[in-house]
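Here TrEMBL flags 227-481 as domain 'GP-PDE'. The feature transmembrane segment is assigned by TrEMBL to 41-65, 85-113, 125-143, 163-185, 192-212, 493-514.
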Amino acid sequence: MAAPPGCCHPCATCLLCLYSCQWITAKKEKRKGLRTTKCDCCWFLFLFCVFLSTLVWLYFVIIILNDFHNFNEFIFKQRKLWLDWSLVLLIAATMLITYSALLLVLALCLQLCRQPLKLHWLHKTLLILIALLVAAAFTGLGIKWAEEWRSAYISLQATGPFLHIGIVGGMTLLAWPLASFIYGTRNTALKVFLLLVYCSVMILLYLAPLGITSPCIMEENQLPPKPALVGHRGAPMLAPENTLMSLHKAVDCDVQVFETDVMVSADGVPFLMHDEELTRTTNVQSVFPERAALNSTAFNWTDLQQLDAGSWFLERRPFPTVQSLSAGDRYQATKQKIPSLEQVLEAAKQSNISIMFDLRPENHSDYQSFVNATLEVILQSGIPLQQVLWLPDGYREQVKQQVPGFQQVYGRKRLQNEKELLLHVNLPYQDMSLEEIRQYRQDNISVNLYVVNQPWLFSVLWCSGVSSVTTNACQVLKKIKHPIWLFPSSTYLMIWIVVDCTSFLAILWAFLLLKKCSHRRPVESETDVLLTKINSLMQE
């Protein structure tokens, strides 16, 4: 158990105390009886697995940040409580990975110093709790938010090449404590087993790029045009959603289409509103407390005009960007009212921006009258019909006969042997594969995917060839002039070869160097050997 050259006793003592949660003197004779048992090795393996699981969970949290606003809205509808849960989840995941990573580093340093891995029961308990917590999180994700598994798969198209480099680097560093353990143990079977496992993993990692695919591995001249931006309820990071202010902010972000949601009041006036209730985006609980839980369509237009549709934006801060708004924008936000479709069409006509909308609620008994009222307002507005992208499926054939000038947008993929050719589709970004996007592009079908907020996702879809994306972050995506990364296949091949060769040489150097150092270790004296045997017998 003697420490190797370069590992001082005070350092070894500190490492051992942090890992074991008890003070063990640095004097050599007081540590002779401590050895790493099979149980200790099992706990180290469990620690390593917990670290990997928390690392994967942190990766998932970062990926699903793109869609977390939907989760916040869902929680508000259920509990009437608004909180940025993404920040809570990110902090919790960071704490878990930090704790498990520190323990793992301590264990690896102890192994390099040839000290026993005596994990304290408190650490063991916390590791079990972390494992259960992460397992519950993944289970909940699979049950309540299964589409995020597809988001994770898409993210690998953006991060795959870099994850490969990082994993190869991490496994290369692991060669040092592995070599130290192999040269320090006399169990031949264990040595062979660990070497076989490690070599197998490294071979798989070296060949992993054969299975890595990404649309961003292409020549520069093959890059499709940048996708057009569709403002999701306008520019909801810069202004209250579904308001005239939000529309104007979207126009400033060079958005080509204003995507919104339309409802019809009790007296037949189409207006902008996403939720079935008014509680999230207005002060209806203050103005009409006894009617706050009613459907938005139960209010007449006069009542709706009494509501404040902007102050909630400053109070709840649905996005972090709210904090950076200017004083003028804050004042303007407090003056926002629920806009009518007529007002929005007039603003869209003046700004030369198209409008795409859902007509809600689809299951309403008077839905046909909603369609008729909406068509009447659009035709009376004088907006060019080609600027209207009609998304509702209800009574679509009737709409096509009455107003053939609308651009019909379908919320589904095309069907086999479908007689009518779809020209525009609007789908969640998880629902279309790379192959489907490219096939639709070849067939001159415009593909709009929603909701895309993160630059990495926008870059992947750009390389894939989508026509447009619906986004909350138009001010961010507007500034992106090029995909985050774009590698020709020859460049990626060169990176692959260099990384693998460097890793192989570093591993070879680690094993040779530690083998040389192990031969120089001082031989234990007969007294030390005798003391070791006595302590072992006393422990048994």
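Cβ atoms here come from the backbone N, Cα and C positions, even for glycine.
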Might you confirm whether the transmembrane segment (192-212) is in contact with the transmembrane segment (41-65), defined here as three or more C-beta pairs under 8 A between residues 6 or more apart in sequence?
-> no
Would the transmembrane segment (493-514) and the transmembrane segment (85-113) count as touching if the test is at least 3 Cβ pairs under 8 Å, pairs 6 or more apart?
-> no
In the domain 'GP-PDE' (227-481), averaged pLDDT is 96
